[in-house]
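Everything on this sheet refers to the single structure shown next.
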Amino acid sequence: MDNFLALTLSGTTPRVTQGKGAGFRWRWLGHGLLELTPDAPVDRALILSAGIHGNETAPVEMLDKLLSALYSGSLTLTWRVLVVLGNPQALAAGIRYCHSDMNRMFGGRWQSFAESDETRRARELELSLDTFFSSGQVRVRWHLDLHTAIRGSHHLRFGVLPQRDRPWEADFLAWLGAAGLEALVFHQAPGGTFTHFSSEHFGALSCTLELGKALPFGQNDLTQFSVTSQALSALLSGIETSTSSSPPLRYRVVSQITRHSDKFALYMDAQTLNFTAFAKGTLLAEEGDKRVTVTHDVEYVLFPNPSVACGLRAGLMLERLP
């Protein structure tokens, strides 16, 4: 199965759907779904996902290179792995999504969206994770969902972690730093993301990794993400990565800006970078007689997008943690 990406983009079903690799077995589970199981017993399970948004291609290319290294035998596998290319149709079309944003649908939220390929795919992915994590004796569960951002950022690589009732494990956060993430953002409320679903329902240590800016296939400079790729290779092989000399800055979400109607106005232009700082009292958005202002001494914006559909998030406001 050394042509997983090509098969996914073409929508083709392989003639052979399972086989042997270098020290592992593989099974094609469906379009964009590939399970890898080491020959030796392991108690660690890892979801590696990318392409939830079809225009975010750099992580997909990164996973393709990791798979090639595994199949060639130059990389040893020490985890059970489920590789997920989230939205095959949008990936093939080179667009963010075909009908609706899938990363708002998980945890059963797809039921509140108009039925589409994305709602069906979200349900399929939920079932796939359930099956994967239910198989075998699993002591450690991780989920790394690889993305790129729509706009530029003051932090080239950063992670977004879902709301979690338990403390985050230190080795997981340390690995994220070793993977080159310059900042970590901690959600304080539940959401419809893929990583929140895996964390809430399966207790996985989950993170959305944002790696640079969204570009078409073939236009990505993967050398920007070599530290992340090297950390993923080490993780798969069971090799401990060295701790980053500069731990990631930490932020938490303090509010969400939501667009409710066509009267919504977000006072940030297309050049506003992720993690841009705003002083207390700054007017961020208006909608009718409702005004959204900065309430802390300094807040930082993440994912500003005035063009989202009504009812969806138009941005997150963050505060720095000590």
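From the backbone N, Cα and C atoms, a Cβ is placed for every residue, glycine too.
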Given Swiss-Prot lists His53, Glu56 for Zn(2+), the same-site residue among His99, His143, His147
His147
Other than His53, Glu56, His147, which residues of the same chain sit close to Zn(2+)? List them in sequence order, counting a residue when its Cβ is within 8 Å of the Cβ centroid of the site.
Ala50, Gly51, Ile52, Gly54, Asn55, Pro59, Arg96, Leu146, Thr148, Ala149, Ala214
Quick check: of the binding-site residues listed here (His53, Glu56, His147), which one has the Cα closest to that of Glu210 (active site)?
His147
